[in-house]
Amino acid sequence: MVRVAINGFGRIGRLVLRIALSRPNVEVVAINDPFISVDYAAYMFKYDSTHGRFAGEVSHDENSLIIDGKKVLVFQERDPATLPWGEHNVDIAIDSTGVFKELDSAQKHIDAGAKKVVITAPSSTAPMFVVGVNEDKYNGETIVSNASCTTNCLAPLAKVVNNAFGIEEGLMSTIHSITATQKTVDGPSQKDWRGGRTASGNIIPSSTGAAKAVGKVLPELQGKLTGMAFRVPTVDVSVVDLTVKLAKEATYDEIKAVIKKASENELKGILGYTEDAVVSSDFLGDTNSSIFDAAAGIQLSPKFVKLVTWYDNEYGYSTRVVDLVELVAKN
């Protein structure tokens with residue numbers, strides 16, 4: 001049994017808790033969020049506009065959530081270094097704040113007594129692991145990153161295609177649902193002017209490091225992929241459009257067959273496959289990192305192809321966070 005604490009009780013933090021509660025080997029002992037009181041944490045956990053009401057019983061006392069009779073301590077500390085992780089024998093701290101995402105800042109959880117840290121965001125300093133892609137390279141590192149939801153979607157598909165046909169170069173667009181950093185109406189956003197525009201009424205071009213990050217988890221693709229994002233007014237579920245130049249000639253049917261085989265074997269549960277006439281809402285709550293849409297892709301020539309793959313950027317990603325926690329706990 002691995003004892004876990006969650007720092008940051010936002011979209012990912014709350015879903016990670018839901019998923020962890022279904023895993024017999026994971027016990028969440030505490031959550032921390034300086035902006036959320038205990039009663040409000042109970043309310044936010046119980047009701048979710050996107051994923052629906054929590055199926056179990058949720059209540060609270062002065063300093064704990066009580067979920068199906070089990071207590072989870074709630075803290076409201078701004079500085080993770082002051083958290084009592086040692087006192088509560090925390091094995092792994094999950095940092096889902098989006099703030100403490102580098103080695104030096106995530107170290108605060110170690111200073112507080114946690115044995116290891118899993119960061120739920122891409123990191124420029126912590127090693128990144130994508131389950132299904134490079135988790136076999138995990139070698140006991142103390143602080144690790146689960147990369148981004150988009151990297152988790154793109155990397156399994158890129159790995160399969162590259163192994164079978166070789167990728168010479170590629171461009172990715174993610175058509176991405178709105179997230180918490182966006183604005184309900186036009187507002188100040190000094191670092192990203194477009195990002196400050198009304199989320200519900202615009203298609204907003206944005207930058208993403210997700211494609212370049214694939215090169216960190218798959219070194220053979222370093223420098224071969226880059227990409228961008230379009231933020232669109234849907235609440236959840238996003239889709240990656242990957243256009244690649246292949247090293248070997250292939251038919252679209254051959255490409256589909258290779259991806260389907262991987263989805264049924266080594267990447268089962270990570271990479272899904274569908275030939276149905278699906279739309280984004282069909283993937284709400286899907287636990288795969290990536291679901292290849294065989295009917296949506298197109299091919300121009302034997303070496304030039306566009307591949308389309310869906311992901312629940314909240315639920316699929318949060319599922320992988322818990323997978324990575326279990327992996328780190330074993331090693």
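Keep in mind that glycine also has a Cβ here, set from the backbone N, Cα and C atoms.
Annotated features, as they stand in Swiss-Prot:
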- Arg11, Ile12, Asp33, Arg78, Asn313: NAD(+) binding site (BINDING)
- Ser148, Cys149, Thr150, Thr179, Thr208, Gly209, Arg231: D-glyceraldehyde 3-phosphate binding site (BINDING)
- Cys149: active site, nucleophile (ACT_SITE)
- His176: site 'Activates thiol group during catalysis' (SITE)
Subject >> Those binding-site residues of Arg11, Ile12, Asn313 having Cα within 10 angstroms of His176 (site 'Activates thiol group during catalysis') >> reply: Asn313
Original post:
Counting across all protein chains shown, how many other Cβ atoms sit within 10 Å of the Cβ of Gly209 (D-glyceraldehyde 3-phosphate binding site)?
Top reply: 16
Subject >> Any further residue of that chain within 8 Å (Cβ to the Cβ centroid of Ser148, Cys149, Thr150, Thr179, Thr208, Gly209, Arg231) of the recorded D-glyceraldehyde 3-phosphate site >> reply: Thr174, His176, Ala210, Ala229, Ser238, Asn313
Subject >> DSSP-derived structure type at Arg231 (D-glyceraldehyde 3-phosphate binding site), helix or strand or else coil >> reply: strand
**OP:** May I ask which of the binding-site residues Cys149, Thr179, Thr208, Gly209, Arg231 is closest to Asn313 (NAD(+) binding site) if we compare their C-alpha atoms?
**Re:** Cys149
Original post:
Tell me, how many other CB atoms lie within 10 A of the CB of Asp33 (NAD(+) binding site), whichever protein chain they belong to?
Top reply: 23
**OP:** Could you state the whole-number distance in Å separating the C-alpha atoms of Ser148 (D-glyceraldehyde 3-phosphate binding site) and Ile12 (NAD(+) binding site)?
**Re:** 11
Original post:
Which number gives the other C-beta atoms within 10 angstroms of the C-beta of Thr150 (D-glyceraldehyde 3-phosphate binding site), all protein chains shown included?
Top reply: 26
Original post:
How many other Cβ atoms are found within 10 Å of the Cβ atom of Cys149 (D-glyceraldehyde 3-phosphate binding site), counting all protein chains shown?
Top reply: 29
Subject >> Nearest of the binding-site residues (Arg11, Asp33, Arg78) to Thr150 (D-glyceraldehyde 3-phosphate binding site) - Cα to Cα >> reply: Arg11
Original post:
Whole-number Å distance between the CA of Arg78 (NAD(+) binding site) and the CA of Gly209 (D-glyceraldehyde 3-phosphate binding site)?
Top reply: 28
Subject >> Cβ-Cβ distance under 8 Å to Ile12 (NAD(+) binding site), same chain, at least six residues away >> reply: Ser96, Thr120, Glu314, Tyr317, Ser318, Val321
**OP:** Among the recorded positions Arg78, His176, point out the residue whose Cβ has the most other Cβ atoms within 10 Å, with all shown protein chains included in the count.
**Re:** His176
